[in-house]
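> The following block contains the structure, expressed as structure tokens.
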Number of protein chains: 2
Amino acid sequence: MAIGRPSPSSSQTPDPGAARRSSRARGIPEATVARLPLYLRALTALSERSVPTVSSEELAAAAGVNSAKLRKDFSYLGSYGTRGVGYDVEYLVYQISRELGLTQDWPVVIVGIGNLGHALANYGGFASRGFRVAALLDADPNVVGSTAAGLPVRHMDELEEIVATQHVSIGVITTPPGAAQQVCDRLVEAGVTSILNFAPTVLTVPDGVDVRKVDLSIELQILAFHEQRKAGDEPSAGDSVLDRAPGPVRAAAAKLRRAAGGKAEPAKAAPTAKGGPDDDLSAVMPA
Amino acid sequence: MAIGRPSPSSSQTPDPGAARRSSRARGIPEATVARLPLYLRALTALSERSVPTVSSEELAAAAGVNSAKLRKDFSYLGSYGTRGVGYDVEYLVYQISRELGLTQDWPVVIVGIGNLGHALANYGGFASRGFRVAALLDADPNVVGSTAAGLPVRHMDELEEIVATQHVSIGVITTPPGAAQQVCDRLVEAGVTSILNFAPTVLTVPDGVDVRKVDLSIELQILAFHEQRKAGDEPSAGDSVLDRAPGPVRAAAAKLRRAAGGKAEPAKAAPTAKGGPDDDLSAVMPA
DNA sequence: TAGATTGTTAATCGATTAACAATC
DNA sequence: TAGATTGTTAATCGATTAACAATC
């Protein structure tokens, strides 16, 4: 592979340090930013029920966090509450919306219109938050020309023009993993500076471009890890005595296996590691 | 609302403390667990290319993290590397798979077969990681009986029997938000102990049940926050002089607004807060 | 042996939390 | 005033990172 030290901000996982630093410029930690949408959602529900004010305790419960954290989070935004009373719901909705940049319109392009692209195009939560689907794009001639969520699917060739004329700064990638980096490069070249990536691939982008990823498979794997522990912590089917042994013994065993040219438990590793097309989304999303 | 202090482990965001504590029992921090799937994906790609060994530097680059973090992560699993050489790819694939619980079969039910449910049913990354779709379920008679990804969509009434007979411990919720808690309750009652929630709702579950959420809208909002900052940090359209003023002045302004019974900038807050059905996924997923 | 690379240590940093003074 | 609730402080905890001794 011979890959040099990666630039911290050029990998798919946005460099937490960079994000923190930039947020800290105005004093809002990244962890707080990630919770603001939760608060906003809970506040919007209260607003629709015409609830005028809410305490940190009530709002925290509705958002699923504890109240100390919520108050700390809000303290980064300013002093928007009233001691002894609570927070004005409408005012807080507005302030958080503004802080998140939701008081402006964000045109978005979605690239790769398979089932997932369809689902996103139809997602009501986008429009109600200031996100507007500027265009649906696909490279497959069989898909181009069809409609999804009332919008025509346009060809990738139009990407550059659409991004330029509609001032698109956010792109959503729902292509198969093999196409994702290439699509990403074109988006960035066209002027997109924020990317939401659903393809299970690490994307490389230049400094100044933010990438967030949503990975369906990873979430399930994390659940499986905890599920495994709940099951009584008895050794799983794949466990061997050596695997449970103290570090030095395991290490020695590993070396023995390597020395013997042997793949450790290959028959057991194979089913999960190579059971199918690795993370292929082509069944979901046309190329 | 009058909601009592929420039990830390009963909210949708899995109590990080609890997760950490349980992981720490065997010494694996939650942040490390969340990265294991990334390493596994990179290793699987190397395995398919028949690469025998890999250094921490190379693997870290492929996974999009730095090598110190990767070595630290691996140190929680044991000593699986060889100094001066690197890691045996096949052996590491097996060890990480085992640690994550992927050497066993995980039957999964998906509830709510709209576009998103379809996309997930078709997602190749599941099957190749030991996750097997045990059943697709929906409450809508018009959807029940159709097929998705070659599987029949079955009625919610069959949920309990399916979970019991097929030993399902993981459920995926892709219903509209209004149905999510009810579906969650039924899943838990039937014996499911891990839930992946795509509905934009906070789920309440008993102790011992893990919930992870994937929230499309929240990811976009976080991108918008950073995008807003890139745009030169000039005041956005919604800013007023008071909103930019020091804390005490802002607070005073808030109080004045409240005293006047006035909603702050209602015309500006309204479009984003109430533009459409809030987070309604019904266009995406049939009830 | 000499070069390469791991596994671990220790310092640093950010996030969480409880507690409480400030103040409505 | 008395009760309620915010905003902030300070302690604690987990995560990250660089550096390097161990060792292949």
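The backbone N, Cα and C atoms fix where each Cβ goes, glycine too.
Just so you know, TrEMBL annotations are computer predictions that nobody has curated.
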> Please find, within the list A:38-77, A:118-157, the residue stretch that TrEMBL describes as DNA-binding region.
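Going through A:38-77, A:118-157 one by one, TrEMBL gives DNA-binding region for A:38-77.
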> Which of A:GLY112, A:GLY114, A:GLY117 has the fewest nearby Cβ atoms, counting only those within 10 Å, among these binding-site residues?
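Comparing Cβ neighbour counts within 10 Å for the binding-site residues A:GLY112, A:GLY114, A:GLY117 gives A:GLY114.
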> Within 10 angstroms of the C-beta of A:ASN115 (NAD(+) binding site), what count of other C-beta atoms is obtained when all protein chains are considered?
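Step by step: centre on the Cβ of A:ASN115 (NAD(+) binding site), count other Cβ atoms within 10 Å, giving 25.
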> Of A:GLY112, A:ILE113, A:ASN115, listed here as binding-site residues, which sit with their C-beta under 8 angstroms from a C-beta of chain B?
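Out of A:GLY112, A:ILE113, A:ASN115, A:ASN115 lie under 8 Å of chain B.
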> Tell me, by DSSP, whether A:LEU116 (NAD(+) binding site) is helix, strand or coil?
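Going by the DSSP assignment, A:LEU116 (NAD(+) binding site) falls within a helical segment, counted as helix.
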